[in-house]
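According to TrEMBL, the feature ATP binding site maps to GLY64, GLU65, SER66, GLY67, ALA68, GLY69, LYS70, THR71. The domain 'Myosin motor' annotation in TrEMBL covers 1-107.
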Amino acid sequence: TNIGSILASVNPYKPIPGLYSVDAIELYRQHRLGELPPHIFATANECYCCLWKRHDSQCVLISGESGAGKTESTKLLLKFLSAMSQTSLVAPVSEKSTHVEEAILES
């Protein structure tokens, strides 16, 4: 759920098909925070939009207990930001990937 710009999420401890897919990235990149159900991609998109609008550094704080999904949330946030940084009119996000992105997401 969202509390203002804060996302409170729970680790489901199981895969949920489509939740973090390329289609989900495409959906959340086209909407602002609050227009769609709460999601890590909505938070990442808000961060990305504020970065460009304000021309200033942004910070995302991810916290929680051990096993809560902090590392996975960070990877998902970086996956979204990486996809956004590669946006072009020529190819959809699904066709874009770099060695840097892969290295970051695997770390």
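Keep in mind that glycine also has a Cβ here, set from the backbone N, Cα and C atoms.
Positions of TrEMBL features highlighted on the structure.
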residue : record           : Cβ within 10 Å
GLY64   : ATP binding site : 13
GLU65   : ATP binding site : 8
SER66   : ATP binding site : 5
GLY67   : ATP binding site : 9
ALA68   : ATP binding site : 14
GLY69   : ATP binding site : 18
LYS70   : ATP binding site : 14
THR71   : ATP binding site : 11
THR71 (ATP binding site) in three-state DSSP notation: helix
PLDDT averaged over the residues of the domain 'Myosin motor' (1-107): 84
